[in-house]
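Record features, source Swiss-Prot:
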BINDING   THR12, ARG82, GLU83, TYR132, ASP237  sn-glycerol 3-phosphate binding site
BINDING   THR12, ARG16, THR259, GLY301, GLY400, ASN404  ADP binding site
BINDING   THR12, THR13, SER14, THR259, GLY301, GLN305, GLY400  ATP binding site
BINDING   ARG82, GLU83, TYR132, ASP237, GLN238  glycerol binding site
Amino acid sequence: MDRYILSLDEGTTSARAIIFDKNSNVLGIGQYEFPQYYPKPGWVEHNPEEIWEAQVKAIKTAIEKAKIEANQIAAIGVTNQRETTVIWKKDGKPVYNAIVWQCRRTAEMVEEIKREYSDVIKEKTGLVPDAYFSASKIAWLLDNVPGLREKAEKGEVMFGTIDTFLIYRLTGEHVTDYSNASRTMLFNINKLEWDEELLEIFKIPDGILPDVKESSEIYGYTKILGPEIPVSGDAGDQQAALFGQAAFEEGMVKATYGTGNFILANTGRMLLYSDNLLTTVAWGINGKVNYALEGSIFITGAAVQWLRDGIKIISNAAETEELATKLESNEGVYFVPAFVGLGAPYWDQFARGLIIGITRGTGREHLARATLEAIAYLTRDVIEEMEKLIQIKELRVDGGATVNNFLMQFQADILNKKVIRPVVKETTALGAAYLAGLAVDYWESMEEISQLWRAERVFEPQMDEKTREKLYRGWKEAVKRALGWAKVVS
(Lines of atoms letter the chains of each structure in order from A and count residues from 1; the text may use other names and numbers.)
(Lines give C-alpha, C1' and ligand atoms only; values in the text may rest on other atoms or scores of the structure.)
Protein backbone atom coordinates (compact mmCIF):
# COMPACT_ATOMS: atom_id res chain seq x y z
CA MET A 1 0.00 0.00 0.00
CA ASP A 2 1.33 3.44 -0.97
CA ARG A 3 1.78 5.85 1.94
CA TYR A 4 1.52 9.64 2.02
CA ILE A 5 2.05 12.61 4.32
CA LEU A 6 -0.72 15.03 5.29
CA SER A 7 0.42 18.59 5.95
CA LEU A 8 -1.79 21.14 7.72
CA ASP A 9 -0.91 24.69 6.71
CA GLU A 10 -2.85 27.12 8.89
CA GLY A 11 -2.36 30.65 7.56
CA THR A 12 -3.61 34.12 8.41
CA THR A 13 -6.62 34.01 6.10
CA SER A 14 -7.20 30.33 5.35
CA ALA A 15 -6.66 26.79 6.59
CA ARG A 16 -5.14 24.40 4.07
CA ALA A 17 -4.39 20.71 3.97
CA ILE A 18 -2.07 19.14 1.41
CA ILE A 19 -1.26 15.52 0.65
CA PHE A 20 2.34 14.84 -0.49
CA ASP A 21 3.91 11.71 -1.89
CA LYS A 22 7.51 10.55 -1.40
CA ASN A 23 8.77 12.65 -4.34
CA SER A 24 7.26 15.87 -2.90
CA ASN A 25 4.44 15.85 -5.44
CA VAL A 26 1.15 17.45 -4.39
CA LEU A 27 -1.71 14.95 -4.74
CA GLY A 28 -4.57 16.90 -3.20
CA ILE A 29 -5.26 20.30 -1.64
CA GLY A 30 -8.12 21.48 0.55
CA GLN A 31 -8.40 25.16 1.40
CA TYR A 32 -11.06 27.10 3.28
CA GLU A 33 -10.94 30.76 4.23
CA PHE A 34 -12.03 32.07 7.61
CA PRO A 35 -12.76 35.68 8.60
CA GLN A 36 -10.62 38.15 10.48
CA TYR A 37 -12.34 40.42 12.98
CA TYR A 38 -11.41 44.03 13.67
CA PRO A 39 -13.21 45.05 16.91
CA LYS A 40 -11.27 48.36 17.12
CA PRO A 41 -8.76 50.18 14.88
CA GLY A 42 -5.49 48.23 14.90
CA TRP A 43 -7.05 45.17 16.58
CA VAL A 44 -7.09 41.86 14.66
CA GLU A 45 -8.74 38.63 15.85
CA HIS A 46 -9.78 35.17 14.64
CA ASN A 47 -12.38 32.83 16.07
CA PRO A 48 -10.35 29.65 16.88
CA GLU A 49 -13.45 27.48 16.33
CA GLU A 50 -13.71 28.82 12.76
CA ILE A 51 -10.03 27.98 12.22
CA TRP A 52 -10.60 24.42 13.50
CA GLU A 53 -13.72 23.92 11.36
CA ALA A 54 -11.92 25.22 8.26
CA GLN A 55 -8.94 22.96 8.99
CA VAL A 56 -11.09 19.84 9.38
CA LYS A 57 -12.94 20.59 6.12
CA ALA A 58 -9.62 21.18 4.37
CA ILE A 59 -8.30 17.80 5.56
CA LYS A 60 -11.36 15.95 4.23
CA THR A 61 -11.21 17.79 0.89
CA ALA A 62 -7.48 17.10 0.43
CA ILE A 63 -7.98 13.38 1.06
CA GLU A 64 -10.92 13.25 -1.38
CA LYS A 65 -8.97 15.08 -4.09
CA ALA A 66 -5.92 12.87 -3.59
CA LYS A 67 -8.19 9.82 -3.96
CA ILE A 68 -6.57 8.07 -1.01
CA GLU A 69 -7.81 6.43 2.19
CA ALA A 70 -7.06 7.75 5.68
CA ASN A 71 -5.12 4.59 6.54
CA GLN A 72 -2.61 5.50 3.81
CA ILE A 73 -1.50 8.59 5.74
CA ALA A 74 1.85 7.80 7.38
CA ALA A 75 2.02 10.99 9.45
CA ILE A 76 0.67 14.52 9.88
CA GLY A 77 2.75 17.69 9.96
CA VAL A 78 1.53 21.06 11.21
CA THR A 79 2.67 24.53 10.20
CA ASN A 80 1.05 27.77 11.22
CA GLN A 81 0.85 31.54 11.31
CA ARG A 82 3.18 32.27 14.20
CA GLU A 83 2.71 34.44 17.31
CA THR A 84 -1.10 34.37 17.04
CA THR A 85 -2.28 33.65 20.57
CA VAL A 86 -5.06 31.40 21.89
CA ILE A 87 -6.01 30.52 25.46
CA TRP A 88 -8.41 27.63 26.00
CA LYS A 89 -9.89 25.46 28.73
CA LYS A 90 -8.99 21.81 29.16
CA ASP A 91 -12.04 20.80 27.14
CA GLY A 92 -10.44 22.60 24.17
CA LYS A 93 -12.89 25.51 24.19
CA PRO A 94 -11.25 28.94 23.69
CA VAL A 95 -11.91 31.58 26.36
CA TYR A 96 -11.63 34.47 23.87
CA ASN A 97 -10.88 35.02 20.20
CA ALA A 98 -7.33 34.39 18.98
CA ILE A 99 -5.27 37.59 18.98
CA VAL A 100 -3.56 37.66 15.58
CA TRP A 101 0.12 38.45 15.01
CA GLN A 102 -0.87 41.64 13.13
CA CYS A 103 -2.82 43.03 16.12
CA ARG A 104 -1.45 46.26 17.60
CA ARG A 105 -3.59 46.51 20.76
CA THR A 106 -0.57 45.97 23.02
CA ALA A 107 1.76 48.47 21.31
CA GLU A 108 1.80 50.87 24.27
CA MET A 109 2.33 48.06 26.78
CA VAL A 110 5.33 46.85 24.77
CA GLU A 111 6.76 50.38 24.47
CA GLU A 112 6.82 50.62 28.28
CA ILE A 113 8.47 47.22 28.67
CA LYS A 114 10.92 48.05 25.87
CA ARG A 115 12.27 51.08 27.75
CA GLU A 116 13.48 48.94 30.63
CA TYR A 117 13.95 45.44 29.24
CA SER A 118 14.84 45.79 25.55
CA ASP A 119 18.39 44.41 25.92
CA VAL A 120 17.32 41.53 28.18
CA ILE A 121 14.60 40.47 25.73
CA LYS A 122 16.91 40.70 22.70
CA GLU A 123 19.68 38.73 24.40
CA LYS A 124 17.42 35.94 25.66
CA THR A 125 14.91 35.61 22.81
CA GLY A 126 16.67 37.10 19.77
CA LEU A 127 13.59 39.28 19.25
CA VAL A 128 13.02 43.02 19.13
CA PRO A 129 10.29 43.89 21.69
CA ASP A 130 7.12 44.35 19.66
CA ALA A 131 3.36 43.80 19.94
CA TYR A 132 3.81 41.30 17.09
CA PHE A 133 4.97 38.53 19.45
CA SER A 134 2.82 36.45 21.80
CA ALA A 135 3.96 37.62 25.25
CA SER A 136 2.05 40.90 25.39
CA LYS A 137 -1.01 39.27 23.80
CA ILE A 138 -1.12 36.66 26.60
CA ALA A 139 -0.70 39.42 29.20
CA TRP A 140 -3.57 41.38 27.65
CA LEU A 141 -5.87 38.34 27.72
CA LEU A 142 -5.01 37.59 31.37
CA ASP A 143 -5.75 41.20 32.33
CA ASN A 144 -8.87 41.76 30.22
CA VAL A 145 -10.86 38.52 30.14
CA PRO A 146 -12.83 38.42 33.43
CA GLY A 147 -11.52 35.75 35.81
CA LEU A 148 -8.87 34.50 33.39
CA ARG A 149 -5.80 35.37 35.48
CA GLU A 150 -7.25 33.44 38.43
CA LYS A 151 -7.94 30.42 36.20
CA ALA A 152 -4.40 30.66 34.78
CA GLU A 153 -2.84 30.74 38.27
CA LYS A 154 -4.81 27.56 39.11
CA GLY A 155 -3.65 25.84 35.90
CA GLU A 156 -7.20 25.58 34.54
CA VAL A 157 -6.39 27.05 31.11
CA MET A 158 -3.75 26.56 28.43
CA PHE A 159 -1.90 28.94 26.16
CA GLY A 160 -0.71 28.06 22.70
CA THR A 161 0.11 29.42 19.31
CA ILE A 162 -2.09 27.98 16.55
CA ASP A 163 0.06 24.85 16.11
CA THR A 164 -0.42 24.02 19.79
CA PHE A 165 -4.17 24.59 19.58
CA LEU A 166 -4.47 22.31 16.53
CA ILE A 167 -2.24 19.59 18.00
CA TYR A 168 -4.26 19.70 21.24
CA ARG A 169 -7.50 19.33 19.29
CA LEU A 170 -5.98 16.46 17.27
CA THR A 171 -4.17 14.53 20.02
CA GLY A 172 -5.00 15.97 23.45
CA GLU A 173 -1.30 16.78 23.95
CA HIS A 174 -0.26 20.32 24.99
CA VAL A 175 2.97 20.81 23.01
CA THR A 176 4.79 23.15 20.65
CA ASP A 177 8.15 23.04 18.90
CA TYR A 178 11.30 25.16 19.31
CA SER A 179 10.53 27.32 16.27
CA ASN A 180 7.08 28.37 17.49
CA ALA A 181 8.21 28.77 21.10
CA SER A 182 10.98 31.10 19.92
CA ARG A 183 8.32 33.53 18.61
CA THR A 184 6.54 34.07 21.91
CA MET A 185 9.13 36.46 23.45
CA LEU A 186 9.10 34.15 26.50
CA PHE A 187 11.51 31.44 25.31
CA ASN A 188 15.25 31.52 25.98
CA ILE A 189 16.85 30.47 22.69
CA ASN A 190 20.25 29.94 24.33
CA LYS A 191 19.01 27.55 27.00
CA LEU A 192 16.05 26.27 24.93
CA GLU A 193 13.54 26.67 27.75
CA TRP A 194 10.81 29.02 28.97
CA ASP A 195 12.50 31.91 30.76
CA GLU A 196 11.48 32.73 34.35
CA GLU A 197 12.59 36.37 34.17
CA LEU A 198 10.59 37.01 31.00
CA LEU A 199 7.51 35.33 32.49
CA GLU A 200 7.91 37.63 35.50
CA ILE A 201 8.23 40.74 33.30
CA PHE A 202 4.98 39.92 31.49
CA LYS A 203 3.32 38.45 34.63
CA ILE A 204 2.50 35.13 32.97
CA PRO A 205 2.19 31.93 35.06
CA ASP A 206 4.29 29.09 33.65
CA GLY A 207 1.53 26.53 34.22
CA ILE A 208 -0.31 27.64 31.07
CA LEU A 209 2.67 27.04 28.74
CA PRO A 210 3.03 24.00 26.45
CA ASP A 211 5.89 21.50 26.58
CA VAL A 212 8.53 22.40 23.99
CA LYS A 213 9.62 19.57 21.70
CA GLU A 214 11.80 19.12 18.63
CA SER A 215 10.31 20.03 15.25
CA SER A 216 10.37 16.41 14.11
CA GLU A 217 9.13 13.85 16.63
CA ILE A 218 5.88 12.09 17.46
CA TYR A 219 3.82 14.42 19.69
CA GLY A 220 0.78 12.18 19.88
CA TYR A 221 -1.75 10.31 17.75
CA THR A 222 -5.05 11.41 16.28
CA LYS A 223 -8.14 9.36 15.43
CA ILE A 224 -9.96 12.26 13.79
CA LEU A 225 -9.95 10.35 10.47
CA GLY A 226 -10.62 6.92 11.97
CA PRO A 227 -7.26 5.12 12.04
CA GLU A 228 -4.63 6.22 14.55
CA ILE A 229 -2.16 8.56 12.80
CA PRO A 230 0.97 10.10 14.35
CA VAL A 231 1.25 13.90 14.46
CA SER A 232 5.01 14.21 14.11
CA GLY A 233 6.05 17.51 12.51
CA ASP A 234 5.61 21.06 13.77
CA ALA A 235 7.21 24.34 12.73
CA GLY A 236 6.17 27.95 12.37
CA ASP A 237 5.29 28.79 8.79
CA GLN A 238 8.50 30.61 7.93
CA GLN A 239 10.80 28.02 9.45
CA ALA A 240 8.79 25.32 7.69
CA ALA A 241 9.30 27.16 4.38
CA LEU A 242 13.08 27.32 4.99
CA PHE A 243 13.01 23.56 5.58
CA GLY A 244 10.77 22.99 2.56
CA GLN A 245 13.27 24.91 0.41
CA ALA A 246 15.93 22.41 1.56
CA ALA A 247 17.96 25.40 2.81
CA PHE A 248 19.90 23.17 5.17
CA GLU A 249 23.34 24.80 4.82
CA GLU A 250 24.64 27.94 6.53
CA GLY A 251 24.08 31.04 4.40
CA MET A 252 21.14 29.65 2.44
CA VAL A 253 18.27 32.16 2.32
CA LYS A 254 14.59 32.00 1.42
CA ALA A 255 11.88 34.64 1.11
CA THR A 256 8.22 33.74 1.46
CA TYR A 257 5.78 36.11 -0.23
CA GLY A 258 2.46 35.87 1.58
CA THR A 259 0.28 38.26 3.59
CA GLY A 260 3.64 39.61 4.72
CA ASN A 261 7.14 38.79 3.49
CA PHE A 262 9.48 36.77 5.63
CA ILE A 263 13.14 36.32 4.83
CA LEU A 264 15.10 33.67 6.73
CA ALA A 265 18.81 32.90 6.52
CA ASN A 266 20.11 29.63 7.93
CA THR A 267 22.97 30.39 10.34
CA GLY A 268 23.54 26.77 11.37
CA ARG A 269 24.52 26.27 15.02
CA MET A 270 25.53 29.94 15.28
CA LEU A 271 23.45 32.48 17.16
CA LEU A 272 24.05 35.68 15.18
CA TYR A 273 22.61 38.94 16.50
CA SER A 274 21.65 41.98 14.46
CA ASP A 275 20.27 45.29 15.74
CA ASN A 276 17.48 45.30 13.16
CA LEU A 277 16.78 41.62 12.47
CA LEU A 278 15.44 38.82 14.60
CA THR A 279 17.46 35.84 15.72
CA THR A 280 15.25 32.79 15.89
CA VAL A 281 15.25 29.00 16.05
CA ALA A 282 14.97 27.46 12.59
CA TRP A 283 14.27 23.91 13.78
CA GLY A 284 15.35 21.23 16.19
CA ILE A 285 16.03 17.72 14.87
CA ASN A 286 17.89 14.73 16.32
CA GLY A 287 19.09 16.62 19.37
CA LYS A 288 20.51 19.51 17.34
CA VAL A 289 19.12 23.01 16.88
CA ASN A 290 19.61 25.22 13.83
CA TYR A 291 19.27 28.98 14.16
CA ALA A 292 18.25 31.61 11.64
CA LEU A 293 18.30 35.34 11.04
CA GLU A 294 14.88 36.66 10.11
CA GLY A 295 13.49 39.80 8.63
CA SER A 296 9.74 40.06 9.13
CA ILE A 297 7.87 42.41 6.79
CA PHE A 298 4.31 42.82 8.02
CA ILE A 299 2.43 43.86 4.89
CA THR A 300 3.21 42.80 1.30
CA GLY A 301 0.57 40.51 -0.22
CA ALA A 302 -1.95 42.24 2.04
CA ALA A 303 -1.20 45.46 0.12
CA VAL A 304 -2.29 43.72 -3.10
CA GLN A 305 -5.45 42.58 -1.28
CA TRP A 306 -6.03 46.22 -0.34
CA LEU A 307 -5.86 47.23 -4.02
CA ARG A 308 -8.56 44.62 -4.64
CA ASP A 309 -10.79 44.89 -1.57
CA GLY A 310 -9.97 48.32 -0.13
CA ILE A 311 -9.77 50.76 -3.04
CA LYS A 312 -11.11 48.21 -5.56
CA ILE A 313 -8.82 49.10 -8.49
CA ILE A 314 -8.19 45.44 -9.40
CA SER A 315 -10.46 42.42 -9.42
CA ASN A 316 -7.72 39.84 -8.76
CA ALA A 317 -4.04 39.74 -7.77
CA ALA A 318 -2.89 38.55 -11.22
CA GLU A 319 -4.04 41.87 -12.70
CA THR A 320 -1.17 43.69 -10.98
CA GLU A 321 1.39 42.10 -13.31
CA GLU A 322 -0.56 43.10 -16.41
CA LEU A 323 -0.98 46.68 -15.12
CA ALA A 324 2.64 47.04 -13.98
CA THR A 325 4.05 46.00 -17.35
CA LYS A 326 2.08 48.75 -19.12
CA LEU A 327 4.63 51.23 -17.73
CA GLU A 328 8.33 51.58 -18.53
CA SER A 329 9.02 52.73 -14.95
CA ASN A 330 7.23 53.73 -11.75
CA GLU A 331 7.30 57.39 -12.94
CA GLY A 332 8.27 58.49 -9.44
CA VAL A 333 5.32 56.87 -7.64
CA TYR A 334 6.17 54.97 -4.44
CA PHE A 335 3.86 53.14 -2.05
CA VAL A 336 4.99 52.34 1.50
CA PRO A 337 2.43 49.76 2.76
CA ALA A 338 2.90 50.47 6.48
CA PHE A 339 -0.71 49.62 7.37
CA VAL A 340 0.27 48.21 10.78
CA GLY A 341 3.65 49.91 11.18
CA LEU A 342 6.90 48.68 9.65
CA GLY A 343 8.77 45.54 10.69
CA ALA A 344 12.39 44.74 9.87
CA PRO A 345 14.67 46.58 9.57
CA TYR A 346 12.77 49.71 10.74
CA TRP A 347 10.72 48.36 13.68
CA ASP A 348 8.46 51.40 13.80
CA GLN A 349 5.05 50.58 15.28
CA PHE A 350 3.88 54.09 14.45
CA ALA A 351 4.74 54.18 10.73
CA ARG A 352 1.68 54.33 8.47
CA GLY A 353 0.94 53.72 4.80
CA LEU A 354 1.96 56.35 2.28
CA ILE A 355 1.65 56.86 -1.48
CA ILE A 356 3.91 59.61 -2.82
CA GLY A 357 4.83 61.01 -6.22
CA ILE A 358 1.24 61.23 -7.48
CA THR A 359 0.48 63.59 -10.37
CA ARG A 360 -2.67 64.23 -12.40
CA GLY A 361 -1.46 61.53 -14.78
CA THR A 362 -1.19 58.84 -12.10
CA GLY A 363 -3.50 55.88 -12.73
CA ARG A 364 -4.19 52.46 -11.33
CA GLU A 365 -1.27 50.97 -13.27
CA HIS A 366 1.08 53.23 -11.26
CA LEU A 367 -0.43 52.07 -7.98
CA ALA A 368 -0.24 48.42 -9.04
CA ARG A 369 3.40 48.79 -10.07
CA ALA A 370 4.30 50.76 -6.94
CA THR A 371 2.74 48.03 -4.80
CA LEU A 372 4.75 45.25 -6.45
CA GLU A 373 7.93 47.31 -6.35
CA ALA A 374 7.38 48.02 -2.64
CA ILE A 375 7.42 44.28 -1.93
CA ALA A 376 10.82 44.02 -3.64
CA TYR A 377 12.24 47.13 -1.93
CA LEU A 378 11.16 45.90 1.51
CA THR A 379 12.83 42.57 0.77
CA ARG A 380 16.06 44.32 -0.23
CA ASP A 381 15.95 46.32 3.03
CA VAL A 382 16.14 43.02 4.92
CA ILE A 383 18.71 41.31 2.67
CA GLU A 384 21.06 44.31 3.09
CA GLU A 385 20.87 43.92 6.87
CA MET A 386 21.62 40.19 6.60
CA GLU A 387 24.64 40.86 4.41
CA LYS A 388 26.27 42.73 7.27
CA LEU A 389 26.66 39.31 8.93
CA ILE A 390 26.59 36.66 6.20
CA GLN A 391 27.30 36.39 2.49
CA ILE A 392 24.24 35.81 0.29
CA LYS A 393 24.58 34.65 -3.31
CA GLU A 394 21.00 33.91 -4.25
CA LEU A 395 17.45 33.99 -2.97
CA ARG A 396 15.08 31.01 -3.00
CA VAL A 397 11.49 32.20 -3.13
CA ASP A 398 8.05 30.78 -2.39
CA GLY A 399 4.52 31.87 -1.58
CA GLY A 400 1.57 33.06 -3.63
CA ALA A 401 3.10 36.22 -5.12
CA THR A 402 6.03 34.33 -6.67
CA VAL A 403 3.81 33.45 -9.65
CA ASN A 404 4.08 37.16 -10.57
CA ASN A 405 6.95 37.24 -13.07
CA PHE A 406 7.18 41.05 -13.03
CA LEU A 407 7.71 40.99 -9.26
CA MET A 408 10.28 38.19 -9.42
CA GLN A 409 12.28 39.91 -12.17
CA PHE A 410 12.14 43.26 -10.35
CA GLN A 411 13.26 41.49 -7.18
CA ALA A 412 16.31 40.07 -8.97
CA ASP A 413 17.02 43.50 -10.48
CA ILE A 414 16.76 45.50 -7.25
CA LEU A 415 18.83 42.93 -5.31
CA ASN A 416 21.32 42.31 -8.13
CA LYS A 417 21.08 38.61 -7.22
CA LYS A 418 19.61 35.45 -8.71
CA VAL A 419 16.05 34.77 -7.59
CA ILE A 420 15.15 31.07 -7.81
CA ARG A 421 11.59 29.79 -7.92
CA PRO A 422 11.19 26.07 -7.12
CA VAL A 423 9.05 23.52 -8.93
CA VAL A 424 7.01 22.85 -5.78
CA LYS A 425 5.47 26.17 -4.73
CA GLU A 426 3.92 24.79 -1.52
CA THR A 427 7.19 24.96 0.39
CA THR A 428 5.66 25.86 3.77
CA ALA A 429 3.37 22.84 3.78
CA LEU A 430 6.16 20.74 2.27
CA GLY A 431 8.51 21.69 5.11
CA ALA A 432 5.97 20.49 7.69
CA ALA A 433 5.49 17.30 5.66
CA TYR A 434 9.26 16.67 5.57
CA LEU A 435 9.52 17.18 9.35
CA ALA A 436 6.61 14.78 9.96
CA GLY A 437 7.99 12.23 7.51
CA LEU A 438 11.51 12.24 8.96
CA ALA A 439 10.11 11.41 12.41
CA VAL A 440 8.48 8.20 11.12
CA ASP A 441 11.27 7.27 8.64
CA TYR A 442 9.12 8.08 5.60
CA TRP A 443 12.18 9.98 4.39
CA GLU A 444 15.46 8.65 5.71
CA SER A 445 17.50 11.84 5.92
CA MET A 446 17.83 15.53 5.11
CA GLU A 447 20.27 14.51 2.37
CA GLU A 448 17.49 12.54 0.68
CA ILE A 449 15.22 15.60 0.92
CA SER A 450 17.91 17.87 -0.61
CA GLN A 451 17.90 15.67 -3.71
CA LEU A 452 14.16 16.28 -4.17
CA TRP A 453 14.46 20.11 -4.44
CA ARG A 454 14.30 21.40 -8.04
CA ALA A 455 14.28 24.89 -9.58
CA GLU A 456 11.44 25.82 -11.95
CA ARG A 457 12.86 29.19 -13.07
CA VAL A 458 15.88 31.35 -12.32
CA PHE A 459 15.47 35.15 -12.62
CA GLU A 460 18.82 36.79 -13.42
CA PRO A 461 19.35 40.51 -12.67
CA GLN A 462 19.10 42.65 -15.82
CA MET A 463 18.96 46.24 -14.49
CA ASP A 464 21.99 48.55 -14.68
CA GLU A 465 23.44 49.74 -11.39
CA LYS A 466 22.65 53.43 -11.91
CA THR A 467 18.92 52.75 -12.41
CA ARG A 468 18.84 50.27 -9.54
CA GLU A 469 20.38 52.66 -7.02
CA LYS A 470 18.29 55.64 -8.18
CA LEU A 471 15.08 53.65 -7.66
CA TYR A 472 16.23 52.45 -4.26
CA ARG A 473 17.18 55.97 -3.12
CA GLY A 474 13.64 57.09 -3.97
CA TRP A 475 12.27 54.24 -1.88
CA LYS A 476 14.39 55.19 1.13
CA GLU A 477 13.13 58.78 0.93
CA ALA A 478 9.51 57.59 0.79
CA VAL A 479 10.03 55.40 3.87
CA LYS A 480 11.45 58.35 5.84
CA ARG A 481 8.20 60.21 5.30
CA ALA A 482 6.08 57.27 6.52
CA LEU A 483 7.97 56.71 9.78
CA GLY A 484 6.27 57.80 13.02
CA TRP A 485 3.15 59.11 11.26
CA ALA A 486 0.68 57.72 13.80
CA LYS A 487 2.38 59.80 16.51
CA VAL A 488 2.15 62.94 14.38
CA VAL A 489 -1.63 62.66 13.95
CA SER A 490 -2.55 61.23 17.37
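Placed from the backbone N, Cα and C atoms, the Cβ positions cover glycine too.
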Of THR12, ARG16, ARG82, THR259, GLY400, ASN404, the binding-site residues lying within 10 angstroms (C-alpha) of GLN238 (glycerol binding site) are ARG82
Protein Cβ atoms within 10 Å of THR13 (ATP binding site), excluding its own:
16
What are the other residues, in sequence order, whose C-beta lies within 8 angstroms of the center of the C-beta atoms of THR12, THR13, SER14, THR259, GLY301, GLN305, GLY400 at the ATP site?
GLY11, GLY258, ALA302
Closest by Cα to GLY301 (ADP binding site), out of the binding-site residues THR12, ARG82, GLU83, TYR132, ASP237, is THR12
Within 8 Å of the Cβ centroid of ARG82, GLU83, TYR132, ASP237, GLN238, the other same-chain residues by Cβ around the recorded glycerol site are GLN81, THR84, TRP101, ARG183, GLY236, PHE262, SER296
For a quick check of packing: other C-beta atoms within 10 Å of the C-beta of THR259 (ADP binding site), how many?
22
At the Cα level, what's the spacing in Å between ASP237 (sn-glycerol 3-phosphate binding site) and SER14 (ATP binding site), rounded?
13
Rounded to the nearest angstrom, how far is the Cα of GLN305 (ATP binding site) from the Cα of ARG16 (ADP binding site)?
19
By the count of other Cβ atoms within 10 Å, pick out the sparsest of the binding-site residues GLY301, GLY400.
GLY400
